[in-house]
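Remarks on the structure that follows.
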Amino acid sequence: MSKSGLWVGTSWKMNKTLAEAMVFADGLAAADDARDQRIQRFVIPPFTAARQVKERLKATSVKVGAQNMHWDDAGAWTGEISPVMLSDCDLDIVELGHSERREHFGETDRTVGLKTAAAVKHGLVPLICIGETLAQREAGEADTVLKRQVEGAFAFLEGAARKAPVLLAYEPVWAIGVNGIPATADYADARHRLIGEVAERALGVKVPVLYGGSVNPQNCEELILQPHIDGLFIGRSAWDVGGYLDILQRVARAI
């Protein structure tokens, strides 16, 4: 099977000092000659390291992002970061709607939609996280939840913005974190097919859908070979640069 146009990256959550982030960036830059053109690599550090990581990786094809942002350009939003600020740091991607932010910080489909529109306005690629909880899955509500989240994410896109690059990351809430149980490849692919169909109906273009949720060296190859999975969004298995490079190599061999 041959696949291309895949996205494989990692978000570090609230981890890594600036020094630790630069060790990762240095290791990734040093391995740039071994990159596979079929795979778009990306890393999403904490805010405190994003600019420096971007600068270190500027000569590579690695895209660098932020883990969140506000929808306003500026204003009385103490503690927030605006899309203007992210653009000023020369970042490429912004992660939006992660389940931890939905659960602990009151993110809603509406706020994710506002942020998506703001990101596109400022030339950032939104990486929108969606996923059902265990209770929703067991109640047979997964597909309904995913459809609502996708449509909410795109609700404020208008005109040309509806054709701008966007990414979706399917991260079932029960599959992420230390105690997460990875979705089976079949289950994940079925959800990806639905998500892709809903997104294409909403925007009129194909939207890449990445899988995230306890991705590791043991399951990355089976996952990436599924027909509707367009990439991998990796957690702790890729927080060490060696682990990230290992998964990249496994994916490249598999496709």
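In case you wondered, yes, glycine gets a Cβ from its N, Cα and C as well.
Sequence annotations record features per position, and here Swiss-Prot assigns active site, electrophile to H98 based on similarity to another entry. H98 (active site, electrophile) has a Cβ environment of 27 other Cβ atoms inside 10 Å. In the three-state DSSP assignment, the secondary structure recorded for H98 (active site, electrophile) is coil.
What Swiss-Prot records for E171 is active site, proton acceptor. Residues within less than 8 Å, Cβ to Cβ, of E171 (active site, proton acceptor) and separated from it by at least 6 positions along the same chain comprise H98, S99, C129, I130, G131, Y211, G212, G213, F233.
According to Swiss-Prot, the feature substrate binding site maps to G177, S214. Cβ neighbour count for S214 (substrate binding site): 22 (other Cβ atoms within 10 Å of its Cβ, all protein chains included). A coil conformation is recorded for S214 (substrate binding site) in the three-state DSSP classification, outside any helix or strand.
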